[in-house]
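Below is one structure, written out as C-alpha coordinates, with a few remarks after it.
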Amino acid sequence: MQFSTAGGHVAGAVLLAAVVAWLVCSVSSNTRVGCGVRHLQRPRRIIGGQASLPHSWPWMTHIKLGYSGDPCAGSCGGSLIAPQWVLTAAHCLYTAKTCSSHRKWKLSEISVYLGLHDTDNLASAVHRRVKRTIPFPRYDNSAHDYDVALLQLSAAVRYREEVSHVCLAEESTEINDGDQCLVIGRGTVNVWPKFPTKILREAVVDFLSAVSCRNQTLHLSESITDNMLCAAGKGRDACTGDSGGPLMYQVTAGHWSVWKQIGVVSWGVGCAHSRYPGVYTSIPKFYNWIIRETNLIPDCSGFGCDQYCSQPDPRFPPVCHCKLGYTLQPDHKSCEDIDECSLDHGCTDICINQPGRYACACHPNRTLSNDLHTCSDSRQFICPKPHAPLYGFSSCDRPRYKMASSCEMKCLTSGFIMNGNSISVCGEHGVWTPPVATCEDIDECSDNNGGCESECYNYPGGFSCGCQRYITSSFYQMSEFVHR
(Lines of atoms letter the chains of each structure in order from A and count residues from 1; the text may use other names and numbers.)
(Lines give C-alpha, C1' and ligand atoms only; values in the text may rest on other atoms or scores of the structure.)
Protein backbone atom coordinates (compact mmCIF):
# COMPACT_ATOMS: atom_id res chain seq x y z
CA MET A 1 0.00 0.00 0.00
CA GLN A 2 1.04 3.54 -0.20
CA PHE A 3 0.82 5.60 2.93
CA SER A 4 0.04 9.26 2.97
CA THR A 5 -0.48 12.08 5.42
CA ALA A 6 -2.69 15.01 4.89
CA GLY A 7 -0.92 18.35 5.01
CA GLY A 8 1.80 17.27 2.62
CA HIS A 9 3.92 14.96 4.72
CA VAL A 10 5.00 12.54 2.03
CA ALA A 11 5.59 9.31 3.84
CA GLY A 12 3.67 6.20 3.13
CA ALA A 13 4.16 2.67 2.29
CA VAL A 14 3.09 0.58 -0.58
CA LEU A 15 2.83 -2.44 1.62
CA LEU A 16 3.33 -5.94 0.32
CA ALA A 17 0.42 -8.29 -0.07
CA ALA A 18 1.92 -11.37 1.50
CA VAL A 19 3.63 -11.63 4.84
CA VAL A 20 6.48 -14.10 4.53
CA ALA A 21 8.38 -16.27 6.96
CA TRP A 22 10.72 -14.09 8.96
CA LEU A 23 13.92 -16.09 8.71
CA VAL A 24 16.80 -13.65 8.53
CA CYS A 25 15.51 -11.02 10.95
CA SER A 26 14.84 -13.38 13.84
CA VAL A 27 16.32 -14.37 17.16
CA SER A 28 15.05 -16.80 19.75
CA SER A 29 14.95 -17.16 23.50
CA ASN A 30 13.13 -19.00 26.26
CA THR A 31 12.00 -15.77 27.87
CA ARG A 32 9.13 -13.53 26.87
CA VAL A 33 10.28 -9.96 26.38
CA GLY A 34 8.01 -7.15 27.60
CA CYS A 35 8.37 -4.83 24.60
CA GLY A 36 7.44 -5.56 21.00
CA VAL A 37 4.88 -8.27 21.75
CA ARG A 38 1.87 -8.57 19.45
CA HIS A 39 -1.25 -10.18 20.89
CA LEU A 40 -2.70 -10.92 17.45
CA GLN A 41 -0.12 -12.53 15.25
CA ARG A 42 -1.80 -13.15 11.93
CA PRO A 43 -2.06 -10.22 9.52
CA ARG A 44 -4.32 -9.73 6.48
CA ARG A 45 -3.71 -7.98 3.19
CA ILE A 46 -2.78 -3.95 1.87
CA ILE A 47 -1.51 -1.44 -2.82
CA GLY A 48 1.22 -4.11 -2.27
CA GLY A 49 0.33 -4.85 1.30
CA GLN A 50 -2.38 -5.83 3.73
CA ALA A 51 -4.76 -4.43 6.26
CA SER A 52 -3.72 -5.14 9.82
CA LEU A 53 -5.94 -6.98 12.25
CA PRO A 54 -7.42 -4.59 14.83
CA HIS A 55 -4.93 -3.72 17.59
CA SER A 56 -2.30 -6.11 16.25
CA TRP A 57 0.37 -3.37 16.43
CA PRO A 58 -0.24 -1.97 19.93
CA TRP A 59 2.67 0.52 19.80
CA MET A 60 1.44 2.27 16.64
CA THR A 61 0.26 5.81 17.32
CA HIS A 62 -1.81 8.21 15.24
CA ILE A 63 -0.56 11.79 15.60
CA LYS A 64 -3.16 14.37 14.63
CA LEU A 65 -1.69 17.73 13.66
CA GLY A 66 -3.82 20.88 13.63
CA TYR A 67 -7.50 21.43 14.22
CA SER A 68 -10.42 20.32 12.06
CA GLY A 69 -10.99 22.77 9.25
CA ASP A 70 -7.38 23.98 9.23
CA PRO A 71 -6.16 23.70 5.61
CA CYS A 72 -2.69 22.92 6.96
CA ALA A 73 -3.91 20.09 9.22
CA GLY A 74 -2.38 16.68 8.72
CA SER A 75 -1.29 13.55 10.51
CA CYS A 76 1.75 11.37 11.10
CA GLY A 77 2.53 7.98 12.49
CA GLY A 78 4.64 7.24 15.53
CA SER A 79 5.54 4.42 17.89
CA LEU A 80 5.16 4.13 21.65
CA ILE A 81 8.58 3.33 23.17
CA ALA A 82 7.74 3.93 26.86
CA PRO A 83 4.60 4.77 28.87
CA GLN A 84 5.08 8.51 28.30
CA TRP A 85 7.18 8.63 25.11
CA VAL A 86 6.41 8.42 21.39
CA LEU A 87 9.04 8.21 18.64
CA THR A 88 8.31 9.91 15.30
CA ALA A 89 9.92 11.90 12.47
CA ALA A 90 11.16 15.43 13.21
CA HIS A 91 9.53 16.84 10.08
CA CYS A 92 6.15 15.88 11.55
CA LEU A 93 6.59 18.71 14.06
CA TYR A 94 6.18 21.25 11.23
CA THR A 95 3.38 22.13 8.86
CA ALA A 96 3.86 20.97 5.27
CA LYS A 97 6.16 23.12 3.15
CA THR A 98 3.24 23.66 0.78
CA CYS A 99 1.20 25.23 3.58
CA SER A 100 0.76 29.01 3.40
CA SER A 101 1.95 29.37 6.99
CA HIS A 102 4.93 27.03 7.18
CA ARG A 103 5.81 26.81 10.87
CA LYS A 104 6.30 24.48 13.82
CA TRP A 105 3.14 23.02 15.33
CA LYS A 106 2.14 24.34 18.75
CA LEU A 107 1.84 21.76 21.54
CA SER A 108 -1.87 22.53 21.80
CA GLU A 109 -2.29 21.54 18.13
CA ILE A 110 -0.84 18.04 18.53
CA SER A 111 -2.96 15.08 19.68
CA VAL A 112 -1.76 11.49 20.05
CA TYR A 113 -4.10 8.49 19.77
CA LEU A 114 -3.11 4.99 20.88
CA GLY A 115 -4.90 1.65 20.53
CA LEU A 116 -6.51 2.97 17.34
CA HIS A 117 -7.39 0.84 14.33
CA ASP A 118 -9.82 3.02 12.35
CA THR A 119 -9.45 6.82 12.33
CA ASP A 120 -13.24 7.11 12.03
CA ASN A 121 -13.42 5.81 15.59
CA LEU A 122 -11.11 8.18 17.51
CA ALA A 123 -13.43 8.13 20.51
CA SER A 124 -12.49 4.50 21.21
CA ALA A 125 -8.75 5.23 21.38
CA VAL A 126 -6.53 6.30 24.25
CA HIS A 127 -5.96 10.04 23.80
CA ARG A 128 -3.07 12.11 25.07
CA ARG A 129 -1.93 15.68 24.60
CA VAL A 130 1.77 16.43 24.20
CA LYS A 131 3.78 17.97 27.04
CA ARG A 132 7.03 18.42 25.13
CA THR A 133 8.52 17.84 21.66
CA ILE A 134 12.22 17.04 21.25
CA PRO A 135 13.55 17.02 17.69
CA PHE A 136 17.13 15.88 17.31
CA PRO A 137 19.25 19.02 17.91
CA ARG A 138 20.88 18.97 14.47
CA TYR A 139 17.64 18.54 12.54
CA ASP A 140 17.08 21.20 9.86
CA ASN A 141 13.54 21.37 8.48
CA SER A 142 14.90 22.44 5.09
CA ALA A 143 16.76 19.11 4.74
CA HIS A 144 16.16 15.42 5.43
CA ASP A 145 19.00 14.44 7.75
CA TYR A 146 18.56 13.79 11.51
CA ASP A 147 14.82 13.30 10.91
CA VAL A 148 13.84 11.92 14.30
CA ALA A 149 11.93 13.36 17.26
CA LEU A 150 10.42 12.41 20.61
CA LEU A 151 7.03 13.38 21.98
CA GLN A 152 6.57 13.40 25.75
CA LEU A 153 2.92 12.66 26.46
CA SER A 154 0.87 14.71 28.90
CA ALA A 155 0.42 11.59 31.03
CA ALA A 156 1.75 8.03 30.97
CA VAL A 157 -0.41 5.34 29.38
CA ARG A 158 -1.24 2.02 31.00
CA TYR A 159 -0.15 -1.00 29.00
CA ARG A 160 -2.79 -3.48 27.92
CA GLU A 161 -3.43 -5.64 24.84
CA GLU A 162 -4.29 -2.66 22.65
CA VAL A 163 -1.51 -0.39 23.95
CA SER A 164 2.10 -1.37 24.63
CA HIS A 165 5.62 -0.39 23.58
CA VAL A 166 7.93 -1.56 20.82
CA CYS A 167 11.53 -2.65 21.32
CA LEU A 168 14.24 -0.48 19.78
CA ALA A 169 17.16 -1.73 17.73
CA GLU A 170 20.32 -1.07 19.74
CA GLU A 171 23.39 0.77 18.46
CA SER A 172 25.14 -2.55 17.76
CA THR A 173 22.25 -3.96 15.69
CA GLU A 174 23.26 -5.35 12.31
CA ILE A 175 20.84 -6.36 9.54
CA ASN A 176 21.90 -7.62 6.14
CA ASP A 177 20.82 -6.24 2.78
CA GLY A 178 17.76 -8.11 1.56
CA ASP A 179 16.57 -9.05 5.04
CA GLN A 180 12.82 -8.68 5.28
CA CYS A 181 11.29 -6.12 7.58
CA LEU A 182 7.84 -4.63 7.94
CA VAL A 183 6.45 -1.10 7.82
CA ILE A 184 3.03 0.00 9.06
CA GLY A 185 0.98 3.16 8.56
CA ARG A 186 -2.15 4.85 7.30
CA GLY A 187 -0.73 6.43 4.16
CA THR A 188 -1.89 6.40 0.57
CA VAL A 189 -3.01 3.03 -0.75
CA ASN A 190 -3.09 4.01 -4.43
CA VAL A 191 -0.82 5.99 -6.68
CA TRP A 192 -3.99 7.80 -7.80
CA PRO A 193 -6.24 9.00 -6.35
CA LYS A 194 -3.99 9.79 -3.38
CA PHE A 195 -6.26 9.30 -0.38
CA PRO A 196 -4.95 8.06 2.98
CA THR A 197 -6.44 4.92 4.42
CA LYS A 198 -8.43 5.04 7.62
CA ILE A 199 -7.39 1.49 8.53
CA LEU A 200 -3.87 0.68 9.68
CA ARG A 201 -1.99 -1.31 7.04
CA GLU A 202 1.27 -3.22 6.88
CA ALA A 203 3.77 -4.28 4.21
CA VAL A 204 6.88 -6.41 3.93
CA VAL A 205 9.91 -4.53 2.56
CA ASP A 206 13.55 -5.44 1.93
CA PHE A 207 16.28 -3.81 3.98
CA LEU A 208 19.07 -1.84 2.30
CA SER A 209 21.96 -0.21 4.18
CA ALA A 210 22.93 3.41 3.60
CA VAL A 211 26.04 2.32 1.71
CA SER A 212 24.09 0.01 -0.60
CA CYS A 213 21.35 2.62 -1.05
CA ARG A 214 23.98 5.09 -2.27
CA ASN A 215 25.66 2.60 -4.60
CA GLN A 216 22.80 0.47 -5.93
CA THR A 217 19.92 2.90 -6.49
CA LEU A 218 19.24 6.13 -8.38
CA HIS A 219 19.21 8.20 -5.20
CA LEU A 220 21.90 10.89 -5.33
CA SER A 221 24.73 9.60 -3.15
CA GLU A 222 24.99 12.84 -1.19
CA SER A 223 21.29 12.65 -0.26
CA ILE A 224 21.72 9.35 1.66
CA THR A 225 23.67 9.95 4.85
CA ASP A 226 24.94 7.43 7.38
CA ASN A 227 21.99 8.38 9.60
CA MET A 228 19.61 6.82 7.09
CA LEU A 229 18.71 3.41 5.73
CA CYS A 230 16.51 2.33 2.86
CA ALA A 231 13.83 -0.30 2.33
CA ALA A 232 11.43 -1.22 -0.45
CA GLY A 233 10.45 -4.09 -2.70
CA LYS A 234 8.55 -4.90 -5.84
CA GLY A 235 5.39 -2.87 -5.51
CA ARG A 236 6.05 -2.19 -1.82
CA ASP A 237 7.12 1.02 -0.13
CA ALA A 238 6.17 3.73 2.31
CA CYS A 239 4.36 6.68 0.74
CA THR A 240 2.47 9.90 1.39
CA GLY A 241 1.01 9.88 4.91
CA ASP A 242 3.27 7.32 6.59
CA SER A 243 5.77 9.80 8.04
CA GLY A 244 7.01 8.92 11.50
CA GLY A 245 5.80 5.33 11.39
CA PRO A 246 8.01 2.37 12.34
CA LEU A 247 10.10 0.05 10.18
CA MET A 248 10.48 -3.18 12.16
CA TYR A 249 12.07 -6.60 12.11
CA GLN A 250 10.93 -9.66 14.04
CA VAL A 251 12.63 -11.72 16.70
CA THR A 252 11.24 -14.72 18.56
CA ALA A 253 11.36 -15.28 22.28
CA GLY A 254 10.12 -18.78 23.02
CA HIS A 255 6.60 -18.96 21.62
CA TRP A 256 6.27 -15.19 21.38
CA SER A 257 6.94 -12.99 18.39
CA VAL A 258 8.83 -9.87 19.40
CA TRP A 259 9.38 -6.84 17.19
CA LYS A 260 12.18 -4.27 17.17
CA GLN A 261 12.00 -0.92 15.43
CA ILE A 262 14.99 -0.21 13.21
CA GLY A 263 13.76 2.80 11.23
CA VAL A 264 11.40 5.78 11.11
CA VAL A 265 9.59 6.59 7.85
CA SER A 266 11.21 9.78 6.56
CA TRP A 267 11.23 10.65 2.83
CA GLY A 268 11.36 9.35 -0.71
CA VAL A 269 11.04 10.00 -4.43
CA GLY A 270 7.67 8.79 -5.65
CA CYS A 271 6.38 5.57 -4.13
CA ALA A 272 7.12 1.87 -4.67
CA HIS A 273 9.79 2.30 -7.32
CA SER A 274 12.51 -0.31 -6.96
CA ARG A 275 15.25 2.08 -8.06
CA TYR A 276 14.15 4.74 -5.58
CA PRO A 277 13.59 2.82 -2.32
CA GLY A 278 11.97 4.56 0.63
CA VAL A 279 14.35 6.32 3.01
CA TYR A 280 14.14 5.89 6.78
CA THR A 281 15.92 7.39 9.77
CA SER A 282 18.18 4.71 11.30
CA ILE A 283 17.24 3.93 14.92
CA PRO A 284 20.64 2.39 15.85
CA LYS A 285 22.32 5.69 14.91
CA PHE A 286 20.12 7.58 17.38
CA TYR A 287 19.62 4.86 20.00
CA ASN A 288 21.86 6.44 22.64
CA TRP A 289 20.23 9.85 22.15
CA ILE A 290 16.76 8.34 22.52
CA ILE A 291 17.75 6.53 25.71
CA ARG A 292 19.38 9.63 27.15
CA GLU A 293 16.45 11.96 26.41
CA THR A 294 13.82 9.58 27.74
CA ASN A 295 15.85 8.46 30.78
CA LEU A 296 15.51 4.86 29.71
CA ILE A 297 18.81 3.27 30.65
CA PRO A 298 18.87 -0.32 29.44
CA ASP A 299 22.55 -1.29 29.61
CA CYS A 300 23.30 -4.96 29.17
CA SER A 301 26.53 -4.58 27.20
CA GLY A 302 28.58 -6.38 29.84
CA PHE A 303 26.15 -9.15 30.65
CA GLY A 304 27.99 -11.77 28.58
CA CYS A 305 25.32 -12.76 26.06
CA ASP A 306 26.57 -14.94 23.21
CA GLN A 307 24.48 -13.25 20.49
CA TYR A 308 21.79 -10.74 21.47
CA CYS A 309 20.78 -8.95 24.62
CA SER A 310 17.91 -6.68 25.66
CA GLN A 311 16.64 -5.09 28.84
CA PRO A 312 12.99 -4.14 28.35
CA ASP A 313 12.64 -2.93 31.93
CA PRO A 314 15.62 -1.44 33.82
CA ARG A 315 14.19 -2.81 37.08
CA PHE A 316 14.95 -6.35 35.94
CA PRO A 317 18.14 -8.07 34.74
CA PRO A 318 18.97 -8.20 31.02
CA VAL A 319 17.69 -11.05 28.86
CA CYS A 320 19.82 -12.93 26.32
CA HIS A 321 18.44 -14.00 22.93
CA CYS A 322 19.64 -16.24 20.13
CA LYS A 323 19.26 -15.96 16.39
CA LEU A 324 16.72 -18.17 14.65
CA GLY A 325 18.27 -21.61 14.23
CA TYR A 326 20.03 -21.46 17.58
CA THR A 327 18.82 -22.36 21.04
CA LEU A 328 19.59 -20.69 24.36
CA GLN A 329 21.59 -22.92 26.68
CA PRO A 330 20.92 -23.58 30.41
CA ASP A 331 23.34 -20.79 31.39
CA HIS A 332 20.83 -18.37 29.72
CA LYS A 333 23.73 -16.67 27.91
CA SER A 334 25.28 -18.96 25.30
CA CYS A 335 23.66 -20.11 22.03
CA GLU A 336 24.05 -23.45 20.27
CA ASP A 337 23.21 -24.27 16.66
CA ILE A 338 20.12 -26.43 16.13
CA ASP A 339 20.71 -29.42 13.84
CA GLU A 340 17.47 -29.18 11.87
CA CYS A 341 18.46 -32.20 9.81
CA SER A 342 18.02 -34.38 12.88
CA LEU A 343 14.45 -33.11 13.17
CA ASP A 344 11.46 -33.16 10.82
CA HIS A 345 13.14 -31.13 8.08
CA GLY A 346 10.88 -32.06 5.14
CA CYS A 347 13.66 -32.61 2.55
CA THR A 348 12.84 -35.51 0.21
CA ASP A 349 16.48 -36.24 -0.74
CA ILE A 350 19.31 -34.61 1.20
CA CYS A 351 19.33 -32.28 4.20
CA ILE A 352 22.39 -30.07 4.77
CA ASN A 353 22.76 -28.45 8.18
CA GLN A 354 24.29 -24.96 8.21
CA PRO A 355 24.93 -22.47 11.03
CA GLY A 356 21.52 -21.18 12.07
CA ARG A 357 19.65 -22.82 9.21
CA TYR A 358 19.46 -25.77 6.84
CA ALA A 359 19.05 -26.40 3.11
CA CYS A 360 17.66 -29.21 0.98
CA ALA A 361 19.62 -30.71 -1.91
CA CYS A 362 18.90 -33.38 -4.52
CA HIS A 363 20.53 -36.58 -5.72
CA PRO A 364 22.09 -36.58 -9.24
CA ASN A 365 19.65 -36.04 -12.13
CA ARG A 366 17.04 -34.66 -9.79
CA THR A 367 16.03 -31.01 -9.35
CA LEU A 368 14.76 -29.08 -6.35
CA SER A 369 11.19 -27.86 -6.78
CA ASN A 370 9.94 -24.38 -6.05
CA ASP A 371 9.02 -25.37 -2.48
CA LEU A 372 12.79 -25.80 -1.82
CA HIS A 373 12.14 -29.19 -0.19
CA THR A 374 10.86 -31.58 -2.86
CA CYS A 375 13.11 -33.17 -5.51
CA SER A 376 11.86 -34.62 -8.80
CA ASP A 377 13.33 -36.09 -11.98
CA SER A 378 15.19 -33.24 -13.73
CA ARG A 379 13.57 -34.21 -17.04
CA GLN A 380 10.24 -33.04 -15.66
CA PHE A 381 11.54 -29.46 -15.41
CA ILE A 382 11.00 -28.34 -18.98
CA CYS A 383 10.18 -24.63 -18.71
CA PRO A 384 12.83 -21.97 -18.05
CA LYS A 385 12.24 -19.17 -15.59
CA PRO A 386 9.61 -16.91 -17.19
CA HIS A 387 10.45 -13.35 -18.12
CA ALA A 388 8.77 -10.72 -15.97
CA PRO A 389 6.98 -7.88 -17.76
CA LEU A 390 8.70 -4.51 -17.96
CA TYR A 391 7.66 -2.55 -14.85
CA GLY A 392 6.37 -5.77 -13.34
CA PHE A 393 7.49 -8.88 -11.53
CA SER A 394 6.82 -12.61 -11.48
CA SER A 395 5.99 -14.91 -8.59
CA CYS A 396 8.44 -17.49 -10.02
CA ASP A 397 12.17 -17.13 -9.38
CA ARG A 398 13.49 -20.70 -9.79
CA PRO A 399 15.69 -21.57 -12.82
CA ARG A 400 13.33 -24.23 -14.23
CA TYR A 401 9.74 -25.43 -13.73
CA LYS A 402 7.71 -28.60 -14.13
CA MET A 403 4.86 -28.90 -16.59
CA ALA A 404 1.57 -27.41 -15.33
CA SER A 405 3.41 -25.07 -12.94
CA SER A 406 1.85 -21.60 -12.88
CA CYS A 407 3.37 -18.16 -12.40
CA GLU A 408 1.57 -14.94 -11.58
CA MET A 409 2.67 -11.64 -13.09
CA LYS A 410 1.99 -8.32 -11.36
CA CYS A 411 2.70 -4.69 -12.16
CA LEU A 412 4.89 -2.70 -9.79
CA THR A 413 2.17 -0.28 -8.70
CA SER A 414 -1.41 0.68 -9.48
CA GLY A 415 0.06 3.36 -11.74
CA PHE A 416 0.27 0.61 -14.38
CA ILE A 417 -2.49 -1.46 -15.93
CA MET A 418 -1.88 -5.07 -16.94
CA ASN A 419 -2.53 -5.92 -20.57
CA GLY A 420 -3.02 -9.66 -20.97
CA ASN A 421 -3.46 -12.66 -18.70
CA SER A 422 -1.63 -12.36 -15.41
CA ILE A 423 -1.28 -16.17 -15.01
CA SER A 424 1.05 -18.20 -17.25
CA VAL A 425 1.25 -22.01 -17.21
CA CYS A 426 4.20 -24.22 -18.16
CA GLY A 427 3.10 -26.24 -21.23
CA GLU A 428 4.24 -29.67 -22.40
CA HIS A 429 6.74 -28.23 -24.90
CA GLY A 430 8.45 -26.03 -22.35
CA VAL A 431 6.59 -22.88 -23.35
CA TRP A 432 4.72 -20.61 -20.98
CA THR A 433 1.18 -19.92 -22.13
CA PRO A 434 -0.33 -17.48 -22.59
CA PRO A 435 2.64 -15.19 -23.34
CA VAL A 436 3.82 -12.82 -20.63
CA ALA A 437 1.47 -9.88 -20.14
CA THR A 438 2.65 -6.28 -20.33
CA CYS A 439 2.36 -3.44 -17.83
CA GLU A 440 1.24 -0.23 -19.49
CA ASP A 441 1.68 3.11 -17.79
CA ILE A 442 -1.43 5.09 -16.85
CA ASP A 443 -1.09 8.75 -17.81
CA GLU A 444 -2.61 10.35 -14.72
CA CYS A 445 -1.87 13.83 -16.08
CA SER A 446 -4.35 13.30 -18.93
CA ASP A 447 -7.24 13.22 -16.44
CA ASN A 448 -7.92 16.72 -15.09
CA ASN A 449 -4.17 17.49 -15.04
CA GLY A 450 -3.78 14.82 -12.35
CA GLY A 451 -5.51 17.12 -9.88
CA CYS A 452 -2.38 19.33 -9.86
CA GLU A 453 -2.78 23.06 -9.43
CA SER A 454 0.07 23.84 -11.84
CA GLU A 455 2.39 21.42 -13.60
CA CYS A 456 1.70 17.67 -13.79
CA TYR A 457 4.59 15.36 -14.59
CA ASN A 458 3.80 11.81 -15.65
CA TYR A 459 6.40 9.08 -15.14
CA PRO A 460 6.27 5.27 -15.32
CA GLY A 461 3.92 4.11 -12.59
CA GLY A 462 2.94 7.48 -11.21
CA PHE A 463 3.05 11.26 -11.46
CA SER A 464 4.03 14.32 -9.45
CA CYS A 465 2.81 17.88 -9.16
CA GLY A 466 5.05 20.88 -9.64
CA CYS A 467 8.37 18.99 -9.39
CA GLN A 468 10.84 19.31 -12.23
CA ARG A 469 12.25 16.11 -13.52
CA TYR A 470 14.01 14.63 -16.48
CA ILE A 471 13.42 11.30 -18.14
CA THR A 472 16.22 8.79 -18.55
CA SER A 473 16.05 5.79 -20.84
CA SER A 474 14.80 3.52 -18.11
CA PHE A 475 13.41 5.60 -15.25
CA TYR A 476 13.10 9.09 -13.84
CA GLN A 477 14.68 11.47 -11.40
CA MET A 478 13.13 14.39 -9.56
CA SER A 479 14.96 17.55 -8.56
CA GLU A 480 13.09 17.77 -5.27
CA PHE A 481 12.69 15.06 -2.66
CA VAL A 482 9.68 15.20 -0.39
CA HIS A 483 8.93 14.10 3.15
CA ARG A 484 6.44 11.34 3.51
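Glycine is no exception: its Cβ is also placed from the backbone N, Cα and C atoms.
What TrEMBL annotates here:
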type	residues	note
DISULFID	Cys383-Cys426	disulfide bond
DOMAIN	46-295	domain 'Peptidase S1'
DOMAIN	381-441	domain 'Sushi'
SIGNAL	1-29	signal peptide
Helix, strand, coil residue numbers for the domain 'Sushi' (381-441) per DSSP? 0 helix, 30 strand, 31 coil
Other C-beta atoms within 10 angstroms of the C-beta of Cys383 (disulfide bond) total 24
Are there any residues in the same chain, six or more apart in sequence, whose C-beta is under 8 angstroms from the C-beta of Cys426 (disulfide bond), and if so which? Ile382, Cys383, Tyr401, Lys402, Met403, Ala404, Ser405, Ser406, Cys407, Trp432
